[in-house]
Amino acid sequence: MAYPFELGFQDATSPIMEELLHFHDHTLMIVFLISSLVLYIISLMLTTKLTHTSTMDAQEVETIWTILPAIILILIALPSLRILYMMDEINDPSLTVKTMGHQWYWSYEYTDYEDLNFDSYMIPTSDLSPGELRLLEVDNRVVLPMELPIRMLISSEDVLHSWAVPSLGLKTDAIPGRLNQATLTSTRPGLYYGQCSEICGSNHSFMPIVLELVPLKHFENWSSSML
């Protein structure tokens, strides 16, 4: 989860988020090199006393500043497209969970089970126990098995919402009348927090998401107790 004054991303807990962090570093390195080159050229232009008033064209320079940006864009686009297709790829999910956005709470349905569904509301600040997080705790957590591919079906009952869990690299719009899907796989157990990331009304800030990733055996015990 995020911490006060944190400058970086949250710790990655899924293969997709790890790829996104690598892509971020790759792109930031390219941006840093371009910025350094531009600043260096500007400093040379401001400090040099040489002028070239008779120069009308420079085909070699024009060729370089046409080809070089194209190469840079390709170096950014190729890994970006690779991650984009990885995020859309869903191969034989072990579990499917349907998520519906409401004003202002989430409801979840485990479609592989006959009658396993519940609503998830934020716990008011006045009801929090010591050690619990303000505006992030819910009365019903989404319990999921770790190290297994899980498909999330996401939609909305009323207005636009967005189901987002940063540490898993997930952010999918919940649109009324449309069913979007995303896949997640967690590499380690734990609690992972998210929030609605689309302004949806006066209580938009009070729609937290809490995923509890547990080993498969613990998930089976939990699902049996819920039925």
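Numbers here mean position along the shown chain, with the first residue as 1.
Backbone N, Cα and C atoms are what each Cβ position is placed from, and that goes for glycine too.
Within H102, H161, the residue that Swiss-Prot lists together with C196, C200, M207 for binding Cu cation A1 is H161. Less than 8 angstroms from the CB of C200 (Cu cation A1 binding site) sit G101, Q103, W104, V159, L160, H161, M207, each of them six or more residues away in the same chain. With a threshold of 8 Å between CB atoms, the same-chain residues lying at least 6 positions outside the transmembrane segment (60-87) that come near it are 16, 19-20, 23, 26-27, 30, 34, 169, 182-183. Broken down by DSSP into helix, strand and coil, the topological domain 'Mitochondrial intermembrane' (88-227) contains 21 helix, 61 strand, 58 coil. In terms of DSSP secondary structure, the topological domain 'Mitochondrial intermembrane' (1-14) contains 0 helix, 0 strand, 14 coil. Listed in sequence order, the residues of the same chain lying 6 or more apart from E198 (Cu cation A2 binding site) and placing their CB within less than 8 Å of its CB are L160, H161, S162, D173, A174, H204. Nonlocal intrachain contacts for the topological domain 'Mitochondrial intermembrane' (1-14), taken as residues 6+ away from its ends with a CB within less than 8 angstroms of a stretch CB, comprise 20-21, 24, 133, 136, 166-169, 184-188, 190-193, 213.
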